[in-house]
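Noted in Swiss-Prot for the protein shown:
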BINDING   Glu12, Leu13, Glu72, Asp277, Lys347, Arg354, Arg355  N(1)-(5-phospho-beta-D-ribosyl)glycinamide binding site
BINDING   Arg104, Lys145, Ser150, Ser151, Gly152, Lys153, Gly154, Gln155, Glu185, Glu186, Phe187, Ile188, Glu193  ATP binding site
BINDING   Glu258, Glu270  Mg(2+) binding site
DOMAIN    109-300  domain 'ATP-grasp'
Amino acid sequence: MRKKILLLGSGELGKEFTIAAQRLGQEIIAVDAYDGAPAQQVAHAREVVSMLDGAALDALVAKHRPDVIVPEIEAIRTERLQAYEAQGVQVVPSARAAAFTMNRRAIRDLAARELGLATARYAYASTPEAFRAAVHEIGLPCVVKPLMSSSGKGQSVVRAEGDLEAAWAYAMSGTRGDLREVIVEEFIPFDSEITLLTVTQRRGETLFCPPIGHRQERGDYQESWQPHPVPPPLLEEARRMAGAVTRALGGAGIFGVEFFLAKDRIWFSELSPRPHDTGMVTLAGTQPLNEFELHLRAVLGLPIPPITLVRPGASAVILARGTGAPVVRGLESALAEPGADVRIFGKPALRPHRRMGVALVSGAPGDDPRALVERARAVAARVSVDP
């Protein structure tokens, strides 16, 4: 079985998915808005177009005639995906999932209003005046996010009236596509944030990975660890909520479902219909198949063995500190750490805080995952990707 897969978005998550697909003999055409993106470096073919250009997407599909389209980013003209699906092309996990998750309004309203899941209180705004009114409605402190963005771009916490103008400007600078709108969320005093990787199958039950804990900074993940302790009743509720929202979206593939966790409560936060950045910890061998291999198997309809914890692990990001062409230093020191591994993504240009790689540390059964985080952070600190 050899499928031609059109990958829309070619970042580090797409690169690992492409490697997984290559290992099972699949053909990948990697698409991104710039040449030399990480997944393009390991794909059979590459294309450089704006995925918000519907005519350009139509031309790509006509040229390559893919069996499967796998979105890796949100900034896609999703109405075209619905048209391709109607023509018989498999869209992963489904065109409906891509359309609902390309902006936070659709997925939040689905979760909170249609499915009745517990979420933070929220309001929307598309002008500075409406934004000020939304903040007054929700109250301070609150969290502001563009309706369409990725990797934490444009997200901030507003704690005082004097922060409003800067928060609006920052959100507009971080938005993707042509949607100029924000969601204002109640600030929940959570104890931790978790990702529940959820695998849906065309034939077979929905599967769940052991919960992943993570820490955010500037709205973007900095470290993740697996497993994260969750009281059994709250884990059962997280699985119920993840199952409900993924069933509503349909299709087959992996979803990264995020939750806020407090002592005795859990809230649905966000969802990505693809491998999740915090799930890169699974590259440390924490489970029998990493998240990219799980995604591929679900996409192709291949058997998936029980997902169990093999060993605890942790990840820590390696960030750029300057601009220009990247030079990698410090690998020898980093890889001298027992149980450590490093993935350099191969992004061709630097900008401050851009994610250029990830440090991975695997432990032995029974090791404290949070102690592994400290080791992963130390490994990441030994690596520099600078001019």
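Just so it is clear, glycine is given a Cβ too, placed from its N, Cα and C backbone atoms.
Not measured: the values here are computed from a predicted model.
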Candidates Leu13, Glu72, Arg104, Phe187, Arg354, Arg355, namely the binding-site residues, that fall within 10 Å of Glu270 (Mg(2+) binding site) by Cα distance: Arg104
Secondary structure at Ser150 (ATP binding site), reduced by DSSP to three states: coil
From binding-site residues Ser150, Gly152, Glu193, Glu258, the one whose Cα lies nearest Glu12 (N(1)-(5-phospho-beta-D-ribosyl)glycinamide binding site): Ser150
Nearest recorded site to Lys347 (N(1)-(5-phospho-beta-D-ribosyl)glycinamide binding site) by CA-CA distance, among binding-site residues Arg104, Ser150, Glu185, Phe187: Ser150
Distance from Asp277 (N(1)-(5-phospho-beta-D-ribosyl)glycinamide binding site) back to Gly152 (ATP binding site), taken between C-alpha atoms, in Å: 11
Listed binding-site residues among Leu13, Arg104, Ser150, Gly154, Asp277 whose Cα sits within 10 Å of Glu258 (Mg(2+) binding site): none
Three-state secondary structure, which DSSP defines for Arg355 (N(1)-(5-phospho-beta-D-ribosyl)glycinamide binding site): strand
